Amino acid sequence: MSEQQPLLGYTDSNNIVTHQSWYKRIYARYVVALWVFLGFICLYMLRVNLSVAIVAMTIPRNLKNESVEACPSNINDSSSTPTKHDQFDWNPRTQGFILGAFFYGYTISQFIGGILAERYGAKWIFGCGLLIAGILTLLTPIAARTHVGFLIAIRILIGIFEGPAFPSVGALWGQWVPPLERSIIPPISHAGKEVGVVITTSLAGVLCASNFLDGWPSAFYVFGIITCIWFVFWCFFSYNNPFHHPRCSEKERLHLSTSLPKPKKLQTPWLSIACSLPFWSIAIVSTCIQFVYYVLLTSLPTYFATILRFDLQKNGLMFSIPYIFLLIVIIISGQVADHVRHRQILSTTAVRKIQTIIGCVGSSLFLVLVGYVGCSKVAAMVCITLAIAFIGFNSSGCQISHLDIASNYAGTLVGITNTLASVPGIVAPYVVGAITNNNQTLHAWQLIFNLSAGIGLFGCVIYCIFFDGNEQSWNQSGIHEASTEIQE
């Protein structure tokens, strides 16, 4: 294992940091990670904006005289003031289908995205997918006002082009991230998701309540334009591997080449993957965690507006608070996990399982409590914040485990896992819509939270039983086969 390098500066033969130009003092892998982080912000801007905007786009159910058992409003409470609504008459079932439409497309392209990234490089797979999704987002208001079918079609297409994002970045990490930084760089870059949620929920509410670009359509125009701008910078600052990066120093290339397996065109060991219990434990727990995450991500704005009677257009920051804490947990837990592994206090397997247990049990506990605090807004916010925050422990637990068992096939494994884990994105909004259709009550939402908690715990149990953090034998088999072919 080569010596860990400092974030800034290069050391000379006397181990003294020399201060060169600022762009030479930042290691290339951190620059790539920064633009991945910003890319994930854009990714979730395009994904989450509809969850907030749909509250302003639709006629509230209580105005339609349908079943709503909400908490009593306080006329002196500014969070309960009426919000600005459009005239789309979509019931909860239709809204659930609209919110879930993204994941129909997202599921389709996950698997192929990882394979394409491993073969042709992650830079253009990730970047071009986001660019096209940003352009489609600009067309969303026109589609919504034309027909709900066009809106659903646009959301499916956005999902298709966002689908390769995580698998392609998984392949990118396999080329850029040394083993002792796997609990730091990927989780921090992936924390762009949470930053994207925080920015989107805060800003989208303000945009929807304003007259800028006719209100709610601005939530799509602004985020679509930001994504297109990001793509321009991505083209200049991101590269598939250290050897293609013109600003990567020879010292960093040497460090990465000695830390990482040599990149080769390998035959994917499909049978070994299919028979790998550690891999399937990752896939199952990831799917269960994503069900919890998507229930909260897509449906909390509706719960806040309909049951707790928050005005998200004036209190968008209220919805973003849980994701701020989630971001903090991701960063801190990743640092702790890598420190424990580096000091060899615990094995990789133990670290991943402990992180996952803390994340799943903590999240499930507070989800159950949400259903029992009733109309106490403060208690509900505390429980929801903690339920979401605990999910952050999984980022340095089960959700980074692909790199532990098979770094050479990280893109493929993440592609398979995310394909399965995106199915809850389709199911979760539909389940919420089915339970709350003509039944917007505290009891209905208690059922939703309890169901989510149970699914999260089930995934945790499977992972703890079957996961093994040691490198799988088939991760190197392709290398040996490739070497044999070259010799022949």
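Cβ coordinates come from backbone N, Cα and C, glycine included.
The feature domain 'Major facilitator superfamily (MFS) profile' is assigned by TrEMBL to 37-471.
Per TrEMBL, the feature transmembrane segment maps to 27-46 (among others).
Counting residues 6+ beyond its ends, the transmembrane segment (97-117) has Cβ neighbours under 8 Å at 47, 50-51, 54, 90, 125-126, 129, 148, 151-152, 155-168, 170-172, 268, 294, 298-299, 411-416, 418-419, 422-430, 433 in the same chain. Annotated transmembrane segment per TrEMBL: 97-117 (among others), in sequence order.
Per TrEMBL, transmembrane segment is recorded for 124-144 (among others). Long-range neighbours of the transmembrane segment (124-144) within the same chain, counting only residues 6 or more positions beyond its ends whose Cβ lies under 8 Å from a Cβ of the stretch, are 36, 39, 42-43, 46, 49-50, 57, 88, 109, 113, 116-117, 150-151, 153-155, 157-158, 161-165, 168-169, 172, 214, 216-217, 220-221, 223-228, 230-231, 234-235, 238.
Counting only same-chain residues 6+ beyond the ends of the transmembrane segment (150-174), those with a CB under 8 A from a CB of the stretch are 32, 36, 39-40, 43, 46-47, 50, 97-98, 101-118, 122-123, 125-126, 129-130, 132-133, 136-137, 139-140, 143-144, 182, 185-186, 189-190, 240, 260, 402-403, 407-408, 410-415, 418, 422. Per TrEMBL, the feature transmembrane segment maps to 150-174 (among others).
Taken from TrEMBL, the feature transmembrane segment applies to 195-213 (among others).
The transmembrane segment annotation in TrEMBL covers 219-237 (among others). Here the transmembrane segment (219-237) has long-range neighbours at 31-32, 34-35, 38-39, 42, 45-46, 49, 52-53, 123, 126-128, 130-131, 133-138, 140-141, 200, 203-204, 207-208, 213, meaning same-chain residues at least 6 beyond its ends whose C-beta is under 8 angstroms from one of its own.
Annotated transmembrane segment per TrEMBL: 270-296 (among others), in sequence order.
Feature annotation from TrEMBL assigns transmembrane segment to 316-333 (among others).
Annotation comment: TrEMBL describes 354-372 (among others) as transmembrane segment. Panel annotation: around the transmembrane segment (354-372), residues 285, 288-289, 292, 333, 337, 346, 380, 383-384, 386-388, 390-394, 396-398, 442, 445-447, 449-450, 452-454, 456-457, 459-460, 463-464 of the same chain, lying at least six beyond its termini, place a Cβ under 8 Å from a Cβ of the stretch.
The transmembrane segment feature in TrEMBL is assigned to 378-397 (among others). Long-range contacts of the transmembrane segment (378-397) within its own chain (CB-CB distance under 8 A, at least 6 residues past either end) are made by residues 183, 187, 190-191, 194, 285, 289, 292-293, 296, 300, 308, 318, 321-323, 325-330, 333-334, 336-338, 351-356, 358-367, 369-370.
As annotated by TrEMBL, transmembrane segment applies to 409-432 (among others).
If you look up TrEMBL, you'll see 444-466 (among others) marked as transmembrane segment.
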